[in-house]
Protein chains: 2
Amino acid sequence: MTDLEIAQQATMLPIKEIAAKIGLTEDDIEPYGNYKAKISMKFEQASPDPAHKLVLVTSINPTPPGEGKSTVLVGLGDALSLLEKKTIIAIREPSMGPVMGMKGGATGGGYSQVMPMEDINLHFTGDLHALTSANNTLAALIDNYIQRDNKQDLDPRRIIWKRVLDINDRVLRHTITGLGGLSQGIPRETGFDITAASELMAILCLSTSIADLKHRIGKIVVGYNHDKQPVTVAQLGFEDSITILLKDAIKPNLAQTLAHTPAIIHGGPFANIAHGCNSVAATKTGLNLADYTVTESGFGSDLGAEKFLDIKAPVLGKTPDAAVIVATVRALKYNGGQKLPDLQTENLDALKAGLPNLLHHIENIQQYGVPLVVAINHFVSDTQAELDLIKDTCAAHGVTAILTDSWAKGGEGTLDLAKEVIKKADQASTFTPLYDDNQPIEDKLDAVVTKVYGGRKAVLSKKAQRQIKQFTENGWGNLPICIAKTQYSLSDDPKLLGAPSDFDINVRELVPKIGAGFIVALTGNILTMPGLPKEPAAVKMHIDDDGTIEGLF
Amino acid sequence: MTDLEIAQQATMLPIKEIAAKIGLTEDDIEPYGNYKAKISMKFEQASPDPAHKLVLVTSINPTPPGEGKSTVLVGLGDALSLLEKKTIIAIREPSMGPVMGMKGGATGGGYSQVMPMEDINLHFTGDLHALTSANNTLAALIDNYIQRDNKQDLDPRRIIWKRVLDINDRVLRHTITGLGGLSQGIPRETGFDITAASELMAILCLSTSIADLKHRIGKIVVGYNHDKQPVTVAQLGFEDSITILLKDAIKPNLAQTLAHTPAIIHGGPFANIAHGCNSVAATKTGLNLADYTVTESGFGSDLGAEKFLDIKAPVLGKTPDAAVIVATVRALKYNGGQKLPDLQTENLDALKAGLPNLLHHIENIQQYGVPLVVAINHFVSDTQAELDLIKDTCAAHGVTAILTDSWAKGGEGTLDLAKEVIKKADQASTFTPLYDDNQPIEDKLDAVVTKVYGGRKAVLSKKAQRQIKQFTENGWGNLPICIAKTQYSLSDDPKLLGAPSDFDINVRELVPKIGAGFIVALTGNILTMPGLPKEPAAVKMHIDDDGTIEGLF
């Protein structure tokens with residue numbers, strides 16, 4: 001059976017019953033359909049019990065065969081529930097760009113899925129649409145402002161606020177708008193990003209109240225005036241209307257797993273071109289309401305986990321009590337040079353060659369002082385010799401690796417991992433930040449490149465060097481950095497698999513996201529608007545006359 | 001008190017209680033929050049009792065002081081409820097473009113409003129966002145198709161499918177996309193319309209099942225190949241994925257008035273640049289469930305009502321049993337040449353000069369054979385002499401004009417109108433269509449221009465003449481026409497007030513909307529993407545730390 005067929009045959013509990021499991025009354029939630037709800041913001045504003053545990057799930061570098069991070073995460077949540085721990089899963093909401101493009105959904109797989117999967121992978125409760133709408137309303141207000149009196153003397157050539165769509169659409173990367181004559185606006189070069197990469201998405205994920213949301217929106221720098229001074233949303237007077245458009249989107253969404261574990265699914269920045277973590281509001285709500293909150297960060301530890309620990313954790317006010325690194329035999333063999341069609345065949349040499357990738361991600365987490373366990377997500381083609389090689393290698397580095405079978409067996413197939421996670425989360429640990437925000441921007445870039453990616457240094461383009469000087473003069477030098485980098489390699493070259501060294505990271509441009517509170521560094525050829533593949537997933541979908549969907553995943 | 005303050009102080013009933021009033025069980029609805037719901041599609045597929053009445057509310061040409069059509073409509077619905085008629089209001093859902101721009105909401109006013117007004121005027125249940133998303137996913141799939149193998153030989157210069165946003169954004173009217181080199185797509189001139197003007201919006205409003213929706217989407221002509229032959233969505237294989245994105249948006253939305261009359265709010269095409277009626281699904285659901293369904297069409301009878309009667313009614317399979325034409329003393333005086341600042345002052349000469357506008361709209365409705373009544377929406381500045389002049393003039397033309405006070409008194413202020421509407425709807429009447437769909441396109445254009453606008457004829461640009469020839473060859477000659485025209489005048493010149501004659505209508509271009517099932521004719525300078533005014537409504541909005549909104553209207 002496909003993931004969609006398993007999901008379509010499952011029985012969901014009414015969302016108020018899921019809410020009741022974590023002590024939420026009908027007054028604490030707003031239903032969106034019978035199986036989704038928005039949760040009141042009051043839980044994200046309370047202080048969680050320090051004894052409540054936070055578990056972060058990350059993975060090795062993603063590969064074409066897939067690692068199944070979401071599947072293991074959902075299985076882990078269900079397993080903790082089976083062990084009678086009050087558990088909440090707190091994950092990101094999917095973007096429709098990859099759903100219609102190539103990545104597929106982000107709702108787990110097999111018997112470890114969150115539900116209702118069709119809704120979650122499509123419009124869900126409309127948060128991404130609200131963000132798209134708010135982002136583009138701000139863009140329209142800005143273009144209207146420069147078309148009218150332009151009191152702030154905003155320079156049309158220096159507007160950095162782009163439009164967004166929650167769609168993979170390469171032709172929108174570089175556009176000219178405002179053509180057609182005097183009354184059609186001021187022509188200028190601009191472009192669209194995907195909504196998941198937008199500053200408003202980051203702001204939504206980092207805000208903890210309406211007041212905070214509005215304050216952050218006001219601080220957004222939309223461009224520069226003719227004196228090259230930054231111009232903010234607050235200077236233009238647009239922060240209230242943009243906040244109004246996000247007043248519901250900021251509330252966390254409640255759903256459930258196939259085994260009826262409560263799942264809070266909220267916020268969806270990508271980890272390659274954004275900060276890659278679900279919302280602080282959702283995670284904090286989980287920490288308030290449950291003994292165990294199991295959360296994730298996008299792609300490998302070089303991207304999502306680094307940003308979770310360096311950007312999200314300081315806002316959350318809590319670091320993970322334990323981390324899980326998901327790996328598969330297949331993905332490690334691919335990292336070791338085995339070709340895609342051959343991954344079904346045992347190949348201990350390829351596995352050995354790929355294991356440094358896993359070890360690198362282990363070291364990444366260890367240096368922060370977060371206790372960790374490796375989850376080997378089981379596939380039928382795995383051989384015992386291959387599994388033993390991974391376990392032995394991990395053991396030699398003092399790390400436990402546990403086989404999970406979340407896809408086929410759900411929580412039952414993830415019990416061993418859950419027990420180990422409980423142990424790790426009970427260990428005393430000391431968190432060590434990667435860098436001090438007050439270091440110069442160059443040093444923070446180098447810290448991530450050398451300590452997390454394993455590279456030599458960050459090589460800055462002339463433009464990036466000039467920007468660092470300007471940003472520091474503007475008082476933005478003490479913000480954390482958010483590196484946009486390919487997910488496929490620890491380097492900025494997607495073809496360099498395994499655990500490369502002796503590489504530089506090429507920073508071509510910086511983008512100030514002052515409302516979000518970080519500086520984005522664009523590296524290599526990374527693009528903030530994906531394109532569609534030759535055969536988009538959309539073409540394989542089918543809907544019957546009665547509304548039944550096939551081929552969604 | 002402002003409309004928003006009245007709305008914020010009102011008490012709503014839980015949506016399941018509203019549903020129960022019209023015989024809907026909890027299984028028939030999906031709640032979206034506590035005060036909104038989606039209604040099952042089964043009621044739009046049943047045949048309504050022929051004794052159930054349909055009332056169409058229209059108005060004179062809109063003016064800057066406003067007419068209050070929505071306010072009278074809501075008051076009428078509440079009055080019918082007070083008279084113990086089982087009543088449903090079936091209206092359009094607002095676009096956020098005008099909400100953030102200048103028009104304000106579309107939820108009535110004073111004590112005649114639909115609720116929850118903030119939600120309805122902002123994201124509501126996400127239908128417009130789903131449409132935006134579906135429209136732009138189709139656009140991305142098309143651009144990806146021509147970037148890849150382009151098996152249908154689609155000509156990049158002849159793609160007519162545009163992107164849309166639910167935003168007033170003039171700089172997106174004329175754009176170049178696909179810049180930046182080989183891997184960024186094929187550069188071409190294109191542009192964005194507002195979502196309310198999109199073909200998918202029209203399709204949503206005219207579809208009566210998932211199968212019909214998919215069939216219509218498949219028929220959309222997205223452009224032409226290098227042999228100038230039309231290329232459809234079905235030929236490209238994209239109809240299933242686009243239908244999937246609209247599978248929830250197609251379900252009608254349930255809300256309520258301040259007096260708890262059930263309100264179905266679904267579909268939102270503008271009447272100047274689209275067909276201007278709420279969905280067939282919503283209207284039919286109303287007709288199935290209630291004795292009286294009170295619906296509206298956008299702007300004056302020249303726009304929305306004409307399109308209701310010539311485009312929507314044939315799909316609905318029912319014509320109105322009665323019509324209400326809303327007028328105000330102020331708007332008629334404005335039509336008669338009185339200036340905006342002077343409208344508070346009695347001016348019988350200006351009123352007399354403006355009355356031909358009302359009489360023209362009366363004749364418009366009469367020629368279709370629909371029984372009608374005029375509603376004079378009361379303002380405090382109206383004088384008795386002015387009111388008498390309107391009533392007497394109407395009486396001289398055999399029409400009853402009734403004073404309503406829906407804003408200040410809700411249903412109680414609209415009882416006289418309701419009683420007259422009941423009488424009219426019980427009259428025997430014969431519906432006469434304006435034109436036969438099988439007439440040539442030129443003749444159908446002339447029929448609307450001469451019989452509805454009161455003009456001489458439709459003057460066709462060279463391009464329009466060429467298009468008519470092509471469209472007829474393509475087999476599209478027998479579709480109804482949907483004229484895009486300024487709402488401010490019966491002519492295509494917004495400055496020609498009153499009831500002008502001796503004018504031509506200049507048709508500059510036709511747009512085939514084969515999925516929707518009509519041909520759009522663009523006249524005068526009408527634009528399908530509005531712009532923002534100098535002081536956008538967005539700038540006057542405020543949100544408190546607790547989420548309370550001020551200045552929305």
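All positions are counted from 1 along the displayed chain.
Here the Cβ of each residue, glycine as well, is placed from N, Cα and C on the backbone.
Remember, predicted model here, so these are calculated numbers, not experimental data.
According to TrEMBL, the ATP binding site annotation covers B:Thr63, B:Pro64, B:Pro65, B:Gly66, B:Glu67, B:Gly68, B:Lys69, B:Ser70. Taking Cβ-Cβ distances under 8 Å and a sequence separation of 6 or more, the neighbours of B:Pro65 (ATP binding site) in its chain are B:Thr328, B:Arg330, B:Ala331, B:Tyr334, B:Leu340, B:Leu343.
The Cβ neighbour count for B:Ser70 (ATP binding site), using a 10 Å radius over every protein chain in view, is 26. Just so you know, the Cβ of B:Lys69 (ATP binding site) picks up 29 other Cβ atoms within 10 Å once every protein chain is counted.
Annotation for the binding-site residues B:Pro64, B:Gly66, B:Gly68: lowest Cβ count within 10 Å of the residue's own Cβ, B:Pro64. For B:Glu67 (ATP binding site), the same-chain residues that are 6 or more apart in sequence and have a Cβ closer than 8 Å to its Cβ are B:Ser59, B:Ile60, B:Val326, B:Ala327, B:Thr328, B:Ala331, B:Asn377.
For B:Thr63 (ATP binding site), the number of other Cβ atoms no farther than 10 Å from its own Cβ, over all displayed protein chains, is 21. B:Lys69 (ATP binding site) carries a helical DSSP state (H, G or I).
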